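A.B. asks: Before we start, here is the structure in question, set down as structure tokens.
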Amino acid sequence: MDQALLIFHNQLAEEVQVFYTSDHCYKCLYQHLVTVKPNNNNASVVISTKFTLTMQLDSQSRNVTLCRWSQTYGEGGHYSVWIQMSESASCTDAVDKIPNDVYLPLLVAALLLGVIALLFAVAPYIFRRRCPSECTKSICCQGSQYSVDNDEAQACEAEEENTTKAKPTRLLSLDTFRGFSLTVMVFVNYSGGGYWFFQHAPWNGLTLGDIVMPWFVFIIGTSVVLALRSMQRKGVSRLQLLRKITWRTVVLLMLGFCFFNYSPRDGPLSWSWLRIPGVLQRLGFTYFVLSLLQTFWGHEEIPLRVHHWWNPVQDVVLYWPQWLIIVLLETLWLCITLLLPVPNCPTGYLGAGGIGDDGLYPNCTGGAAGYIDRWMFGDNMYRYPTCKELYRSTQPFDPEGVLGTINSVVIGFLGMQAGKIIIFYRGINVHILCRFLVWAVILGISAAILSKCTRDGGFIPVNKNLWSLSFVLCMGSVSFLLLGGMYYVTDIKGWWGGQPFIYPGMNSIFVYVGHTLLGFYFPFSWEMRFQESHWEQLFQSLWGTALWVLIAYLLYRKKFFLKI
């Protein structure tokens, strides 16, 4: 899987050295691949098919480059390169075995999922025609009114209140967005079928694996606003809020540090390899900061009927203390990232180190972010950074490090802004959707300017490992678009009830913790026997993800919701 066989046939009377580099590796040094002896000798080597490779053939005796070319090789293919001499040395390639269609498993899976979705969409209409009128009225004709009092933890109200008037339903779009993000996260964590674009990018750039966690952080911000407003309306004091916020933060930190640092497969517990930063640790800290902002500087209502010059932007102006703190935090991130002196590294370095950047800064992985984390945590960090394989970096680097947590708070704050818009303009759906669109456009244009719409050539490249400013702005833009689209489809039009994503969305802590702890065990995974292509691994990833969606649905039916 993700490999091809390359055979070099040397018809020259001199030895040839073959070097390569990946076009996805920014300014990387050429790496030695194989030596081909002279006089009709050949040499074979297995190469990666994930990214486009640039090959370079050098004459060792004359110290000259014979030929150079770039090509994307196909999975399972066999290729030959003939090194010949006519007027000058030339390289001719040939395909000995046609490669596999690497995208065929994806196409089949997409068609099957589409058919299943279509069946679930058609089933209610078939059921409605056979259902008695009373059943039809109770099931199919529910009102479209919604409540903005969603809890940030992911569960709906476990207790049902006996009220004489109809109780409005939850804000479906928020639970659906949360569940969609979590479902994609489970799929990515279960290897995403082995496809590189479903996993994390080696350094700069975006893949599906990079966009999931920012969505989740954005949802935390939105949920914080809705939940704290609900508690304040119920008369919960500020002291009680602080106790609840602190308790949830501590639980998230302990879950991340204790449970996700250890598995029975790792053997005896040892401090030497424990990871101090982590996903839940970052989520917990982000939740704590956002909750404090909303507790101390949050307005309960916005005076829409009061006419002021700032009315068009009053959901921003009335929260100026929050915005001031966020601007100061982002200024701090920019100053540390771009101005902090790092030993033996250029100031403001944002690269992966290793063999990147012409091999000039091999020990500078992550620049200031990596330097701070290594100074604080030593080796107690993530041991397998995404840049390790492609850039051959040797320094530890944690994508959930200290400096990136600042920008995690920033994208969570953008989610808070979405929550404020939903609350303050409820009932005026056009305003909500327009403001979501305006925010998406502003953030998207800002990200495009910072990155220059390139992977590696921008002022601040889009980088999930660093949680760079352009990455935060880009993900904020996408999050506003997705939440706005789901809000329109589920809460305004009622065309979709959010199934099946709404089920894991209402039990996200259970699903996240469960899939992380049990992902290596049957029936969620097994030892694969067919590793020549993506078929079995894609099936395993989809199977494990579907099992957790099914478990979430069964818990929903039993009205079991794990809350912190």
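Cβ atoms are placed via backbone N, Cα and C, with glycine included.
The transmembrane segment annotation in TrEMBL covers 102-127, 180-199, 211-229, 241-262, 274-297, 318-340, 402-425, 432-451, 466-489, 501-526, 538-556.
Describe the structural context of each listed feature in the structure shown, including burial, neighbouring residues and relevant distances.
C.D. replies: Remote same-chain partners of the transmembrane segment (102-127), defined as residues 6 or more beyond its termini with a Cβ less than 8 Å from a stretch Cβ, comprise 49, 74-75, 140, 193, 195, 499, 533-535, 538-539, 542.
Counting only same-chain residues 6+ beyond the ends of the transmembrane segment (180-199), those with a CB under 8 A from a CB of the stretch are 1-2, 50-51, 102, 105-106, 109, 207-209, 212-213, 215-216, 219, 386, 482, 486, 500-501, 504-505, 508, 511-512, 515-516, 519, 524-525, 534, 537-538, 540-542, 544-545, 548-549.
Tertiary proximity for the transmembrane segment (241-262) is limited to same-chain residues at least six positions away from its ends with a CB under 8 Å from its CB atoms, namely 153, 228, 231-232, 269, 274-276, 278-281, 283-285, 287-288, 291-292, 295, 513, 516-517, 564.
Here the transmembrane segment (318-340) has Cβ contacts under 8 Å with residues 293-294, 297-299, 302, 347-348, 350, 367-369, 371-372, 403, 406-407, 409-410, 413, 416, 420, 466, 469 of the same chain, all six or more residues outside its ends.
Remote same-chain residues near the transmembrane segment (402-425) are listed as 148, 171, 214, 217-226, 229, 277, 282, 285-287, 289-290, 293-294, 301-302, 304, 314-316, 319, 322, 326, 329-330, 332-333, 336-337, 368-369, 372-373, 376, 431-432, 435-436, 439, 443, 465-469, 471-472, 475-476, 479-480, 483, 487 (criterion: CB distance under 8 Å, separation of at least six residues from the stretch ends).
Counting same-chain residues at least six beyond the ends of the transmembrane segment (432-451), those with a Cβ under 8 angstroms from any Cβ of the stretch are 315, 414, 417-418, 421-422, 425-426, 458-462, 469-471, 473-474, 476-478, 480-481, 483-484, 487-488.
Within its own chain, the transmembrane segment (466-489) has Cβ neighbours under 8 Å at 171-174, 176-177, 180, 206, 210-211, 214-215, 218-219, 222, 330, 333-334, 337, 350, 366-367, 369, 399, 403-405, 407-408, 410-411, 414-415, 418, 422, 429, 432-433, 436-437, 439-444, 446-447, 450-451, 458-460, 495-496, 498, counting only residues six or more beyond its boundaries.
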